[in-house]
Amino acid sequence: MNVLVINSGSSSIKYQLIDMEREVPLCSGLVERIGEPMGKLTHKIRPDAEGEEKLTFEQPFTNHVEGMKRVVELITDADKGVIKDKSEIGAIGHRVLLGGEEIKQSVRIDDWAKGVIRDYIPLGPLHNPANLAGIEVAEELFPGLPNVGVFDTEFHQSMPAKAYLYPLPIELYEELKIRRYGFHGTSHRYITKRTAQYLGKPLDELNIITCHLGNGCSMAAVKNGKCVDTTMGITPLEGLMMGTRCGDIDPAIVPFLMEKKNLSPAEADTLMNKQSGLKGVCGMNDMRDLHAARENGNERAQLAFEMFTYRIKKYIGAYYAVLGRVDAVVFTAGIGENDDFVRAEVCAGLDSLGIAVDPARNAVRNGQPRHISPDGSRVAVLVVPTNEELEIAQATLDVLKG
């Protein structure tokens, strides 16, 4: 079966059509700047394979429907298409940010599921409306085709109350559902399953610490194959230092800044989400630029690097204590998979925990799951490339199979 995976943003649509018999993407792409005077569509045929072909188009897209119609035209094009017509698509899987406590696993989209997505718009004001728009576009363009929602929060629903509750008046949880939800769950779940396969260990016996490090960063403590804690909270702002997000800070800083800098709640939110993290400390949010600046003696870039890796190291220690036994520390996503400097610095000095990195292995880049720890290490340190689209497609099939 071919599964179309859609990740709909407020002004974008990211998509991938996957042949699930071979687990191979037939095409992928991104529609950008929807609603602006001029939009852009980047379409790849046979992505990440030999003979990949990339097509770029610039044209206005008034709304998500227009953008998705153009995608369908490309997918089924007589010359460049990868399928003959829409009937060769068996199902559509949607990435959805927040499903709250009501949705603990991927679900077939119906009125109830759409109602839950709407109910959590106050906690996901940017993503949930956009995700819902993507679902409604798919329902319009592919009538009768099953749509499945795969939620970022699903994997973390196994956390115990002691991990997900905040020490605020309990009435706030009961009334407003203020709690830790966690995000990047699709990636953490995929990495957990791939690590079990790679190590040849039963999933229900696997204890690992997963580190999803990209422009957004999160970690998870996984015990017996299930998440028991994660760094992100009620929103993706909590936890690690990120590209533009501050991560953990003293909450009292927020009202202090609002008073001293005369900030509105929205302005304070923007400061913490879009002007902080690596960007706030050194003016750069791309780790590659930051490394170049470090090499040129930029002290703020060096400080940002040290702060970033220190936070990850600190959470490894915390999650080691939570798990008691750790089979592996696993790095994934853009920085986690490709940045040997970050991995080396994070693991430096953790020998007493059985965590160490072999410099030669750490320098290898091959796009495959691999050990970067020395032979005989008590804890395996691994790099495992993530594939959220494949995980969404697989979850979609699992729902349809029942």
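Cβ atoms are placed via backbone N, Cα and C, with glycine included.
Under the heading Mg(2+) binding site, Swiss-Prot lists N7, E388, citing sequence analysis as support. Shown in sequence order, I13, K14, Y15, H94, R95, G134, E389 are the residues of the chain, 6+ apart in sequence, with a C-beta less than 8 angstroms from the C-beta of N7 (Mg(2+) binding site). Annotation note: N7 (Mg(2+) binding site) sits in a strand segment as assigned by DSSP.
In sequence order, G243 are the residues near D286 (ATP binding site), counting only same-chain partners six or more apart with C-beta under 8 A. Under the three-state DSSP scheme, D286 (ATP binding site) falls in the coil class. Feature annotation from Swiss-Prot assigns ATP binding site to K14, H212, L213, G214, N215, G216, D286, M287, R288, G334, I335, G336, E337, N338.
Among the features that Swiss-Prot reports, substrate binding site is placed at R95. According to its DSSP assignment, R95 (substrate binding site) is in a strand.
Under 8 Å, Cβ to Cβ, and six or more positions away along its own chain, D152 (active site, proton donor/acceptor) finds R95, V96, L97, L98, G182, F183, H184, G185, T186. Secondary structure from DSSP puts D152 (active site, proton donor/acceptor) in coil. Sequence annotations record features per position, and here Swiss-Prot assigns active site, proton donor/acceptor to D152 based on sequence analysis.
In the three-state DSSP classification, H184 (site 'Transition state stabilizer') falls within coil. Among the features that Swiss-Prot reports, site 'Transition state stabilizer' is placed at H184 (among others), with the record citing sequence analysis.
Under the heading site 'Transition state stabilizer', Swiss-Prot lists R245 (among others), citing sequence analysis as support. Packing around R245 (site 'Transition state stabilizer') is summarised by its Cβ count: 26 other Cβ atoms lie within 10 angstroms of its Cβ, all protein chains included. R245 (site 'Transition state stabilizer') falls outside any helix or strand according to DSSP and counts as coil.
The Cβ of E337 (ATP binding site) lies under 8 Å from the Cβ of F331, V383, P385, T386, each of these being in the same chain and 6 or more residues away along the sequence. Restricting the binding-site residues L213, N215, R288, E388 to those with a CA within 10 Å of the CA of R245 (site 'Transition state stabilizer') leaves N215, listed by sequence position. Site extent for ATP: the farthest pair of Cα atoms among K14, H212, L213, G214, N215, G216, D286, M287, R288, G334, I335, G336, E337, N338 sits 24 Å apart. In the three-state DSSP scheme, K14 (ATP binding site) falls into the strand class.
In the three-state DSSP classification, I335 (ATP binding site) falls within a helix. Reported as a whole number, the C-alpha separation between L213 (ATP binding site) and E388 (Mg(2+) binding site) equals 14 Å. In the three-state DSSP classification, N215 (ATP binding site) falls within coil.
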